[in-house]
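Engineer: Take this structure first; my questions come after.
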Amino acid sequence: MEGVLAANWSAEAVNSSAAPPEAEGNRTAGPPQRNEALARVEVAVLCLILFLALSGNACVLLALRTTRHKHSRLFFFMKHLSIADLVVAVFQVLPQLLWDITFRFYGPDLLCRLVKYLQVVGMFASTYLLLLMSLDRCLAICQPLRALRRPADRLAVLATWLGCLVASAPQVHIFSLREVADGVFDCWAVFIQPWGPKAYITWITLAVYIVPVIVLAACYGLISFKIWQNLRLKTAAEAAEAIAGTEGAAAGSRGRAALARVSSVKLISKAKIRTVKMTFIIVLAFIVCWTPFFFVQMWSVWDADAPKEASAFIIAMLLASLNSCCNPWIYMLFTGHLFHELVQRFLCCSSSHLKTSRPGETSVSKKSNSSTFVLSQHSSSQKSCS
C-alpha cells in the first residue's frame, strides 16, 4: 500500500505511514531496510536531546519548588510547561530513541497503541500550555489591574491537560501492531486510502501548529500595541511635566499629575516587559523547531514524489523535539535568579552536611563555607541551611 515511509522515521509521534504492504509480492520480498549510517546519527541526536530535555526541565522544576516566589503567576505556568516538556522527553523522545536502536517495535499491541497515544499527548500539551502562558501574559499587559485568580488558572491548566488527552485519542485507533513482512511485526498506522493520511496530518498540523501560531501572533500583536500605547502616554506625560515646570506654580499640580502617570507607566513596563520578552522567545523557539517537522509531514502526504528517504527530510523530523530542551535555557536567561538560588541552596546544604559529618574539622569547614559564599553571604538560601 502507498505511503510507507522508510528509515523508521514513521515511528515519529504523528506518523503519515499507511498500512504495511499487503501484496504477496511485498510479503515475500522481505522487510524494508534502512540507512544504518543515518540511523546512528538519529540515535546520537536523540540521545543528546533526551539528556538536555530531562536534565534541563528537572532543574527548572526543582528551582521552582525551592524558590521563595512559589505563588508567582508566571512560575505556575512555567511549571506546567516544564512538565509537558518532560512528557515529550519521556514518552516521545525516549520511545523514538529505543525504536531507532531496534529498528522494529518489540512489544505487544497494547504497548504500541499506548506509546503512540502518549507521544501525541506530549505534543498537544507542550503547544497548548505555551498558548495558555502567552494568553496570560497578554491579559497581564492589556489588563494590568486584573486580580490574581489562582483557582481560575488551575482550572484552565486542568482543562488544557484534559483536552490534550482527548485530542490524542485517535492515535489509539490508527496505530496497531501489524505484520509488515513474513514473521516481521511493527507498530504501523492504518488509514483509509487515499484521503486518510492527508486528512489526519492536515488536522494535526492545524490543531498543533497553524491555529496556535495564529493565536500567538494575535496575542503578541495586542501586547505590542499596548506597549506602544504606554510608551506614547509616557512621552506625553514627560512633555506635560516639562511644560509645567516652565509655567510656574499654577501648572504645578498638572505637572505632578503628569509625573504620577509617568511613574505608573514605568512601573507597568518594568514589571511586565521582561516576562513578555521571555514568552516571546519561547514562542519563537516553538516556531523554529516545529516548522520543519510539519512542513515535511504535509509535503509527504500531499506530494507523492516527496523525497521521504532523504537525509535532510528525516533529520528535519527530529528538530521538533529540540523545543523541549530549548525552553529551560530560555528560562535560565530571563529568570537566572531561580537557578542562582538553587545552586546556592545546594552548595550551602552540601557545606552544612560536611560540617556535621566531620566534627573534627569544624574550623576548616567553616573557612571553606565563608569563602564559598563570600559573594552572597546575605542570601536567604544560606540562612535556611545554616
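Cβ coordinates are placed from backbone N, Cα and C, and glycine is handled just like the others.
For reference, Swiss-Prot lists these features for the protein:
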- 355-375: compositional bias 'Polar residues' (COMPBIAS)
- 376-386: compositional bias 'Low complexity' (COMPBIAS)
- Asn8: N-linked glycosylation site (CARBOHYD)
- Asn15: N-linked glycosylation site (CARBOHYD)
- Asn26: N-linked glycosylation site (CARBOHYD)
- Ser368: phosphoserine (MOD_RES)
- Ser370: phosphoserine (MOD_RES)
- 1-31: region 'Disordered' (REGION)
- 355-386: region 'Disordered' (REGION)
- 1-38: topological domain 'Extracellular' (TOPO_DOM)
- 64-74: topological domain 'Cytoplasmic' (TOPO_DOM)
- 98-113: topological domain 'Extracellular' (TOPO_DOM)
- 136-154: topological domain 'Cytoplasmic' (TOPO_DOM)
- 176-202: topological domain 'Extracellular' (TOPO_DOM)
- 226-277: topological domain 'Cytoplasmic' (TOPO_DOM)
- 297-311: topological domain 'Extracellular' (TOPO_DOM)
- 335-386: topological domain 'Cytoplasmic' (TOPO_DOM)
- 39-63: transmembrane segment (TRANSMEM)
- 75-97: transmembrane segment (TRANSMEM)
- 114-135: transmembrane segment (TRANSMEM)
- 155-175: transmembrane segment (TRANSMEM)
- 203-225: transmembrane segment (TRANSMEM)
- 278-296: transmembrane segment (TRANSMEM)
- 312-334: transmembrane segment (TRANSMEM)
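Mind running through what each feature is packed against?
Structural biologist: Across the range of the topological domain 'Extracellular' (98-113), the DSSP-based residue counts are 10 helix, 0 strand, 6 coil.
Mean per-residue pLDDT, taken over the topological domain 'Cytoplasmic' (136-154), amounts to 74.
With helix defined as DSSP H, G or I and strand as E or B, the topological domain 'Extracellular' (176-202) counts 7 helix, 12 strand, 8 coil.
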Engineer: Looking at 114-135, 155-175, 312-334, which one has the highest count of Cβ pairs under 8 angstroms to the transmembrane segment (39-63)?
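Structural biologist: Looking only at 114-135, 155-175, 312-334, the most contacts with the transmembrane segment (39-63) come from 312-334.
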Engineer: What are the helix, strand and coil residue counts for the topological domain 'Extracellular' (297-311) according to DSSP?
Structural biologist: 7 helix, 0 strand, 8 coil
Engineer: Find the member of 75-97, 155-175, 312-334 that has more C-beta pairs under 8 Å to the transmembrane segment (114-135) than any other listed stretch.
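Structural biologist: The stretch with the most contacts is 75-97.
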